[in-house]
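> Provided herewith is a single structure, encoded as structure tokens, for subsequent inquiry.
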Amino acid sequence: MNTKMVREPLTMPPQYIAKPVKLIMEAEPSTGLINDIKDIDNFSREYSIAGYFDDDTERKKPYFTLGLRCAQQYYGISDTAELIWDRDNLLWTLGPISIPAHGKTNNFLVNYYGPPSGNKLANTDYPPWNTFPRFSLYQILDTKDFELSGDNDLDWMSQFMPGEIPSWILAIEDAKERNEMMQVMNIGAEFDIKKSPFYNKVVIVGASVEVLHDVKSTPFYNYLGQTQDTPGMETHANAIQTMLHNNYLNVFGGRTTKLLSDGRFYPIAHFLIISLLCIIAYFIFRKLDIHPVLAGTVIILEILIYVGLALGLFANDIWWMLKTTIANIVPHSVHNYFYDSLLVSLPEPGKTYVMPIIAPLAGVFLTYGSNVIFQFLHEQKDKKFLKETFGTYISPDLIDEMYEQKQAPKLGGVQDYHTAFFSDIQDFSTFSEILEPEKMVRLMNEYLTEMTDILLKHQGTLDKYIGDA
């Protein structure tokens, strides 16, 4: 039965275990906590192994969660077995059960098996996802001794009871058809308990209607582009199945979130992989001496390779991206012929690896962005120097060309074929004697400015002013 650890600071004691009603507790059932753990984005990814009261600093009295209690009962582990914490290896142990902790916590990452079992793809005739087998309460109650209204009374549960054959099967007149139906329903001449869908299974009884608001957002929330919350009882099912299959997520560096929350230094494994990716990005940008746009393209390729590798390790199939690409571009007939080879494999239990994504990519983008900014500022500084030195005499386009070609002005010049342009004002000496000095200065400024602009517009180089020429 489910219990909950409650914290109420104004009560004495401030923490207690909320249990089911007295009538249920008189049957002395095994109990387990159902306190859920949510990340900062309100998603459920972790599952608690056991709860402790705040004043139990030495963790002497654990209160098992529902998932661990079910696993304990499944393996027949004694109630006196001790839950052991291996701090050096970040491992919790209860009898034959070993659970890798997510950091120095009493939680572990749940390896979710699929979307909510009762949901299905919208606007289609496809059946529900059925991640876990689900049975409605009316099916469990539907025996020969319990009458249901309407067409629901099929005595469904009777088929899994000794000597019970549903009346609707007995009503089939044709013997061959009746026997075929009995085979379909796994009903033989002799009762076999192993044919029951509940045989040797952990059965979770709970409600899945959303009106109770006991739903969680899991990694399958946007599965196939369809938003869907998971019933709370099914998050326990995923956690239990993870423990029974020993199908834990192998987290690179111990954990990927809340890295500094438990007082540890930043994982050295994360630091090394971030440094490696940043060094590669720096080498591409600074040492290959290529245009920033081309360098950015190469760095994006680096990112795609890393993300592809990380997702490949998660799926235990590093060729998943190549397979998916080929499957999407080849003709349908070719895809069907090589279907098995192009199918992305699912990981075996315990073979899923979680690599950090956000921090390494942020490091690469930061490396690229800082180098782009540095190069831009450096270029602007050099261009400013050239323009301040030669901008009065040389076209801005020529200055940019000199910078792009890394050509510094040479003493003595460069021998080449060029066009020399001269201008002169006709009869300048005559009317210069007539005009006043102020008017003469304005006239010369206007004239020489216009001539200079034309010269620079055509990428010319101003040599000198000589009087009116």
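In case you wondered, yes, glycine gets a Cβ from its N, Cα and C as well.
From TrEMBL, here are the annotated features:
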type     : residues : note
TRANSMEM : 265-285  : transmembrane segment
TRANSMEM : 292-315  : transmembrane segment
TRANSMEM : 353-377  : transmembrane segment
DOMAIN   : 419-469  : domain 'Guanylate cyclase'
> Same chain only, please: residues at least 6 beyond the ends of the transmembrane segment (292-315) with a C-beta under 8 Å from a C-beta of the stretch. Say none if there are none.
277, 280-281, 284-285, 321, 344-347, 352-357, 360-361, 364, 368, 372, 375
> So what's near the transmembrane segment (265-285) in sequence-distant terms, Cβ-Cβ under 8 Å and 6+ beyond its ends?
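Contacts with the transmembrane segment (265-285): 252-255, 259, 292, 295, 298-299, 302, 306, 355-356, 359-360, 363-364, 366-368, 371-372.
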> Summarise the domain 'Guanylate cyclase' (419-469) as counts of helix, strand and coil residues per DSSP.
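Result for the domain 'Guanylate cyclase' (419-469), in helix, strand, coil order: 26 helix, 1 strand, 24 coil.
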